[in-house]
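**Q** Questions regarding the structure given below will be posed in turn.
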Amino acid sequence: MDLINSTDYLINASTLVRNSTQFLAPASKMIIALSLYISSIIGTITNGLYLWVLRFKMKQTVNTLLFFHLILSYFISTMILPFMATSQLQDNHWNFGTALCKVFNGTLSLGMFTSVFFLSAIGLDRYLLTLHPVWSQQHRTPRWASSIVLGVWISAAALSIPYLIFRETHHDRKGKVTCQNNYAVSTNWESKEMQASRQWIHVACFISRFLLGFLLPFFIIIFCYERVASKVKERSLFKSSKPFKVMMTAIISFFVCWMPYHIHQGLLLTTNQSLLLELTLILTVLTTSFNTIFSPTLYLFVGENFKKVFKKSILALFESTFSEDSSVERTQT
């Protein structure tokens, strides 16, 4: 989950204009803060449980390794949500210091990039397993998956560095402290000379985040699962329909949960403080909160007979969802 620009300042030709959160009604701020607190509590408990099961109760396979790190990215995001919620309740006042402001922003960005990259990696893994089974039998090992995991974390960390650098605390004339992006990295926040530079860097960050954090992963996921679905339909590779339903759940939840966020970030490039900006912020908080809490649970329950869910243990649900599909592995192209 990443709301790193929700408290930014927007630069126009003459002054520094506070973004949408200044114009949020108290009820809206309460909704956002409450959603963040609930997401943090429930997400920490459920994702912590899922991590424990995947790490200590299941055989270590490519599937369990990739899903472990996907859920770990959700877990990291939920741990820092209380800071955002507290800031919302205090009218965006930040009282945790500059260092934590930077860590907060960088961690949120890291959580966003790792989650979408691991979803893409899982899609690519299913593509290779289904359409290239011979290669998968020879090379698809937990050690190979560990290399993928390391590459994802390094890539996400590298892409998060700008959001660590640009994030600073700003003291206004009334003594209020805000944690926000200073794209020009200038101590003179209201310098007219730096406004153009700030705007261009802001646009560059938005474009790179949208392309690498949404558009490219979304196309990768769509391509991989479309090919997998075609092969499954053609040769009936899976013993049940659950793996396919998990794929569809991943695609839908990815789009629904992240599209509002990127729409809101695009609107932040304008100085038009409209109702649409306020609504997209609320929707972004709700959908990304849903993503960190319920996406792993959806993977477990999708395709299950609801009456049988409560008769299964958590471990049985995990094994039916994340275990390797031997029928695919035995199939030769």
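Cβ from N, Cα, C; glycine included.
Straight from Swiss-Prot, here's the annotation block:
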type     : residues  : note
TOPO_DOM : 1-30      : topological domain 'Extracellular'
CARBOHYD : N5        : N-linked glycosylation site
CARBOHYD : N12       : N-linked glycosylation site
CARBOHYD : N19       : N-linked glycosylation site
TRANSMEM : 31-53     : transmembrane segment
TOPO_DOM : 54-64     : topological domain 'Cytoplasmic'
TRANSMEM : 65-86     : transmembrane segment
TOPO_DOM : 87-103    : topological domain 'Extracellular'
DISULFID : C101-C179 : disulfide bond
TRANSMEM : 104-124   : transmembrane segment
TOPO_DOM : 125-143   : topological domain 'Cytoplasmic'
TRANSMEM : 144-165   : transmembrane segment
TOPO_DOM : 166-209   : topological domain 'Extracellular'
TRANSMEM : 210-230   : transmembrane segment
TOPO_DOM : 231-246   : topological domain 'Cytoplasmic'
TRANSMEM : 247-268   : transmembrane segment
TOPO_DOM : 269-283   : topological domain 'Extracellular'
CARBOHYD : N272      : N-linked glycosylation site
TRANSMEM : 284-303   : transmembrane segment
TOPO_DOM : 304-333   : topological domain 'Cytoplasmic'
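Tell me about the surroundings of these features in the structure.
**A** Per-residue confidence over the topological domain 'Cytoplasmic' (54-64) averages out at a pLDDT of 85.
Within the topological domain 'Extracellular' (87-103), the DSSP-based counts of helix, strand and coil residues read 9 helix, 0 strand, 8 coil.
Other C-beta atoms found within 10 angstroms of the C-beta of C101 (disulfide bond) number 22, with every protein chain shown included.
Long-range contacts of the transmembrane segment (104-124) within the same chain: residues 1-4, 66-67, 69-70, 72-74, 76-77, 80, 83-84, 96, 148-149, 152-153, 155-157, 159-161, 163-164, 166-167, 179, 181, 212-214, 216-217, 220-221, 224-225, 247, 250, 254, 258, 291, each at least 6 residues beyond the stretch ends and with a Cβ under 8 Å from a Cβ of the stretch.
Long-range neighbours of the transmembrane segment (144-165) within the same chain, counting only residues 6 or more positions beyond its ends whose Cβ lies under 8 Å from a Cβ of the stretch, are 4, 62, 65-66, 69, 102-103, 105-106, 108-110, 113-114, 117-118, 121, 125, 181, 185, 205, 208-209, 212-213.
With a threshold of 8 Å between CB atoms, the same-chain residues lying at least 6 positions outside the transmembrane segment (210-230) that come near it are 112-113, 116-117, 119-120, 123-124, 126-127, 130-131, 159, 244, 247-248, 250-251, 254-255, 258-259, 262, 265-266.
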**Q** Sequence-remote contacts (6 or more beyond its ends) of the transmembrane segment (65-86), Cβ cut-off under 8 Å?
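**A** Distant contacts of the transmembrane segment (65-86): 1-3, 32-34, 36-37, 39-40, 43-44, 47-48, 50-51, 54-55, 96, 100, 104, 107-108, 110-112, 114-115, 118-119, 121-122, 125, 142, 145-146, 148-149, 152-153, 289, 291-293, 295-296, 299, 322.
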**Q** Reported in the order helix, strand, coil, what are the DSSP residue counts of the topological domain 'Extracellular' (269-283)?
**A** 9 helix, 0 strand, 6 coil
**Q** Using all protein chains in view, find how many other C-beta atoms are within 10 Å of the C-beta of C179 (disulfide bond).
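**A** Cβ-Cβ neighbours of C179 (disulfide bond) within 10 Å number 26.
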**Q** Under the DSSP assignment, what numbers of helix, strand and coil residues are found in the topological domain 'Cytoplasmic' (125-143)?
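**A** The counts are 16 helix, 0 strand, 3 coil.
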